[in-house]
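See structure below.
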Amino acid sequence: MQIMFSVEPYSVPLVCGISPFFPIFLKYRKGHTESKLLNSSYHPVRCNRVKDYYDSTIRSFSSPFENSMVHPSGLENREELSREGCNDLLCELCGWGDTDNAMLLLARMEAVGFRPNATAYICLITALGNVGRTLEADAIFQDMIRLGFKPRLNVYNVLLKCFLRKGLLRVAGKVLEEIDYLGIRKNQETYEILLDYCVHSGRLEDTWTIIGEMRREGFQLNSFVYSKVIRLYRDNGMWKKAMGIVRQIKEMGISLDKKIYNSIIDTFGKFGDLGEALEVFEKMQEEGIKPDITTWNLLIKWHCNSGYLDHALELFAKMQEQGLYPDPKIFSMLISRLGEQGKWDIIKKNFENMKCRGHQKSGAIYAVLVDIYGQYGRFQDAEECVNALKAEGIQLSASIFCVLANAYAQQGLCEQTVKVLQLMEAEGIEPNLIMLNVLINAFGISGRHLEALAVYHCIKESGISPDVVTYGTLMKAFIRAKKFDQVPVIFKEMESAGCTPDRKAREMLQNALMVVEQRHI
């Protein structure tokens, strides 16, 4: 057994079937006689939905192209398409994000003996992965392999990103095994995908292992890498080390770009230095770097968390003046804080200003959020909410479902949160770790810690690896339920699973231990 990145594996035991990150995720065997990815036990589940598309299409259409296809952009197909025309249309549908029609077109192509070309396959896999339809993306990939195509690294990178986004470390590990088996050299993007996952899931040692491997392989540590390192230090409470990285970057003569600036603003914001964050914000503009939606979101987020709602609203208005659409997640946070203070007149005023700026279509999402947080009643049923968004032509995605679920969760509406999850699955979008974390939070807010624990076990049984947010949210649920003695147990599981506890997790542990100690006195 050999570790792909030349480091010693952790000497920690398996926790409830979830192994530490590198021994499973980044290992491979020498002397493969066949592809491990093609023989994954994950595969039998995923082909059903694609087969359903094929079967229903063959039953429904006597001639695969006799019905016209109309897309919102105005493209119409009233004639039988050629093989090349089908491939071009398939790529266009994927570009529009219309995965349903893309899959329908694929089924029609199959019905008349047409096969997508390599470009069409890549477009379809990418489009399905982007909307969380991981099983279908992998099934299409398998079809591509069976037909004799030899995917390049970019296709494997798409799959790797899909699986990691959902937290499927074992299957992601098989993608890496396949890359090694075929002798394909990983590129900068591959390492950045791994790095992004490690930082987001709180895996400190694994992050440094990847960075060390990048150096050995001669890859440039760019702004993306440095921004992730800054975030990693920040999340672990090492504020001075995060700022030390910034000094190192300057000493090396590397120009600070948008990613670096955003990481610095995020660091200052998390530690309450909003004045410093705003100074960095002004400095980046002086240097000709235009703030993006991430920059504005970070400033609004940390001002909200610190209780400076007036400043947050000013930033919110300035962002829209720059022509940027508000992020639904940030909008939810803003109206949630205002709602706690009963300032619904301010919410209404800001929402009307948004509509006046021409955000009608996207405004449907914000209208739903205002209704849920305001408890007005119109969209207190998740199904009515989703139907209203569909009626407005909103392209539903995993991100939108997560925003809606979180809105219901914050109101303690567990049943509606669960219903959002069910509606998400009905749309063919697989629940990811973010959605399941939201569900744990919903049960925790409602004081239903046993149901929160059940979701946690469901995550592990489904092959998804919990991250630092999962464990932190579960700890919070048990603290709300006054089950303080269970918090150290969850904390220990988090460490055993390879997740580095963040500052909040450590604080919750200390508080729980203090309560337990006082009870014994």
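Every residue gets a Cβ built from N, Cα and C, even glycine.
So that you can see what the record holds, here are the features copied from TrEMBL:
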type	residues	note
DOMAIN	101-216	domain 'PROP1-like PPR'
REPEAT	117-151	repeat 'PPR'
REPEAT	187-221	repeat 'PPR'
REPEAT	222-256	repeat 'PPR'
REPEAT	257-291	repeat 'PPR'
REPEAT	292-326	repeat 'PPR'
REPEAT	397-431	repeat 'PPR'
REPEAT	432-466	repeat 'PPR'
REPEAT	467-501	repeat 'PPR'
- For the repeat 'PPR' (432-466), find every same-chain residue at least 6 residues outside the stretch whose CB is under 8 Å from a CB in it, and list them. 16-18, 21, 42, 132, 165-171, 201, 398, 401-402, 405-406, 408-410, 412-414, 417-418, 421, 424, 473-474, 476-478, 480-481, 483, 494, 497, 499
- Message: With Cβ-Cβ distances below 8 Å as the criterion, list the same-chain residues six or more beyond the ends of the repeat 'PPR' (222-256) that contact it, or say none.
- Response: 188, 192, 195-196, 199, 202, 204, 207, 211, 214, 262-264, 266-267, 270-271, 284, 287, 289, 468, 500, 502-503, 506
- May I have the DSSP-based helix, strand and coil counts for the residues of the domain 'PROP1-like PPR' (101-216)? 90 helix, 0 strand, 26 coil
